[in-house]
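**Student:** Here it is, the structure in full.
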Amino acid sequence: MADTMHLVSFHPPHVQLKSQILKLTPFFNAVVVYFAFVHNPKGELWTTVLKCLPIVMLMLYVVAKGFALTTAYRYSQRILLGLICSCIGDALLNINLFLHGMGAFAIGHIWYISAFGWKPLKLPVGVALYICLVVVISVVLNRLDAVLAIGVPLYAALLTTTCWRALACALHDSSCLNTLCAAGAVLFLLSDLIIGITMFFVTVPFSRLIIMSTYYTAQFAIAFSTAKDLPKFRKLAESGKPSHKGQGGVKTIKD
């Protein structure tokens with residue numbers, strides 16, 4: 001029997017990622033609506049709704065992209081819980097309940113840390129981040145009242161740990177999704193750092209725009225990383241890049 005060559009198409013990783021990004025269109029629309037209509041929020045119900053809407057869209061993405069209450073989707077489950085806590089925190093901060101909002105975000109970071117896990121440890125990364133944390137807290141501590149003097153360092157430690165664990169995952173496996181998630185965690189830290197500078201030191205020009213844009217980008221990156229729970233991404237991670245011959249996005253199979 002003569003040998004024949006068949007061309008079988010496959011979807012490379014960047015095509016799969018693009019298909020997931022398209023599912024996030026409601027999130028991008030919600031962010032545009034927020035920045036278009038919310039300029040000086042003062043705790044109104046409608047500004048609270050618009051502030052929370054992008055995070056709600058990310059929550060819907062985590063579920064709609066593929067989700068189940070099984071161990072295979074444990075990462076997505078924990079990120080979803082972190083997003084829910086973040087959404088509650090957004091609402092509380094918008095109505096000037098700062099301590100309550102910070103508490104909700106703190107619980108959210110615990111879920112994020114749980115999702116990222118502790119292996120590999122990458123201890124030098126954590127040590128470097130905690131040294132920076134100690135320096136920042138030592139500078140700001142005398143500007144905090146009794147309650148904030150406890151709450152802010154605790155929250156900052158959780159936020160720093162979130163950043164550490166996300167970076168550790170990316171350093172161990174530098175896939176697109178892990179790298180994006182790590183960048184998101186760094187942006188989350190940057191966003192909250194600007195909040196701290198504005199609250200306790202000087203007003204940063206365009207602070208709300210910078211804070212909210214970095215915050216939404218951070219949450220997008222973290223939520224988007226749940227795509228790695230999908231079977232096609234898990235198989236790709238387990239097997240590495242698919243080997244193929246030929247060009248133009250096809251591989252050849254010899255009968």
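For all residues, glycine too, the Cβ spot is worked out from N, Cα and C.
What TrEMBL shows for this protein is this:
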TRANSMEM  21-39  transmembrane segment
TRANSMEM  98-116  transmembrane segment
TRANSMEM  123-141  transmembrane segment
TRANSMEM  147-168  transmembrane segment
TRANSMEM  180-203  transmembrane segment
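Could you place these features in context, so I can see how deep they sit and what lies close by?
**Tutor:** Within the same chain, residues 99, 102-103, 105-106, 109-110, 112-113, 116-118, 120-122, 125-126, 129-130, 132-133, 136-137, 140-141, 181-182, 184-186, 188-189, 192, 196, 222 sit at least 6 positions outside the transmembrane segment (147-168) and bring their C-beta atoms closer than 8 Å to a C-beta of that stretch.
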**Student:** What same-chain residues lie close to the transmembrane segment (180-203): Cβ under 8 Å, and 6 or more beyond its ends?
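**Tutor:** Counting only partners 6 or more residues beyond its ends, the transmembrane segment (180-203) has Cβ contacts under 8 Å with 112, 116, 136, 140, 143-144, 152, 156, 159-160, 162-163, 165-167, 169-170, 210-212, 214-215, 217-222, 224-225.
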**Student:** Same-chain Cβ contacts of the transmembrane segment (98-116) under 8 Å, 6 or more residues past its ends?
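**Tutor:** Same-chain contacts beyond the ends: 74-75, 78-79, 81-86, 88-92, 147-148, 151-152, 154-155, 158-159, 161-162, 165-166, 168-169, 181, 185, 222.
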**Student:** At a C-beta cut-off of under 8 Å, are there same-chain residues at least 6 beyond the transmembrane segment (21-39) that contact it? List them, or none.
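**Tutor:** Distant Cβ neighbours of the transmembrane segment (21-39) are 47, 50-51, 53-54, 56-58, 60-61, 64-65, 209, 212-213, 216, 220, 224.
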